[in-house]
């Protein structure tokens, strides 16, 4: 606790001494890169130095919905209490001006019956606004002002109830709650499929109720520098999702493997297995659709850093047919299996210059091999044959 509150200087902390010892060693930990989108879909962006705070008050309803639950409940409670107190003061002033608080005469009719103090006025205010009506206090026809205050309090109570209950409903039915049951695989993979590199990840829906008009989008976020020398810290580039119908729409009944073909239009076209491990980029996946039960649009997000992209892996099948129906085994949702294949970039593979991982585990440089004129498919088959496990090695 002392170290967390900063009561001790850093040079006297044991953790600081341990960090210095590790830093001085020959093994230095790799600097952890900040994520643009976390694994659970939250955007890792902090907004600072916002001077125009009044813009949030112009949209009070959205601001209240965005509040945390403890703040929303506090505002909910204080709004009702303040309105009850304000109108209780109005009823007490009406009773005081009319002489209801003094000694009663024989034929005297008060504005509001049974109001002798501010406490009874406060109880009457609650009875009017929440329409409880215990029957001990009521407005008489002696005071037109009391009837006017009664109408104003009823209308104000209805407005406060509508706004507050609407905020509570929107907080409980927010679209991000439905996104909790939309899951992505922990890792993404890059492997050859039909003679081309594919960037793939798996997405699934845990609920039986479907996501209507579901669409998925992939972006690559990285730091870029323009030809004029301008540095763009967060550059977002859309990449095409592989879909036979030509759109990003998917039919998410069972878990699907979403893929992106790495061709000459892809930002990943020049990256090899070695390059992508040292590249400073982040692949963001966004799934959006309409919730079938509520009709609310929801969005689920995740991201993959270079260390979370497995080169030369494929996802294991998890959908089987059992007793006339399809069964999904979610225990294998993120499981992958390593496959033999080239490690060079998609450009080198398309031009016939490809490389493989030798037996000693070191990366070899791309080189021109025989059979380059036979096409990419033939090249992949040659590399796969050369990388088959040898019985003599075992």
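Cβ atoms are placed via backbone N, Cα and C, with glycine included.
Whatever TrEMBL says is automated annotation, not expert-curated.
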### Task
Choose the correct range: of 120-144, 145-169, 170-194, which one does TrEMBL annotate as transmembrane segment? Give that range.
145-169
### The annotated transmembrane segment range in TrEMBL, which must be one of 51-72, 73-94, 95-116
73-94
### Task
Please give the sequence-distant neighbours of the transmembrane segment (73-94): residues at least 6 beyond its ends with Cβ less than 8 Å from one of its Cβ atoms.
64, 67, 100, 111-112, 115, 118, 121-122, 124-126, 128-129, 143, 145-146, 149, 153, 156-157, 160, 164, 167-168
### Task
Check the domain 'Inward rectifier potassium channel C-terminal' (182-351) for me and report the mean pLDDT.
87
## Note on the structure
DSSP tally for the domain 'Potassium channel inwardly rectifying transmembrane' (37-174), helix/strand/coil in that order, comes to 82 helix, 4 strand, 52 coil
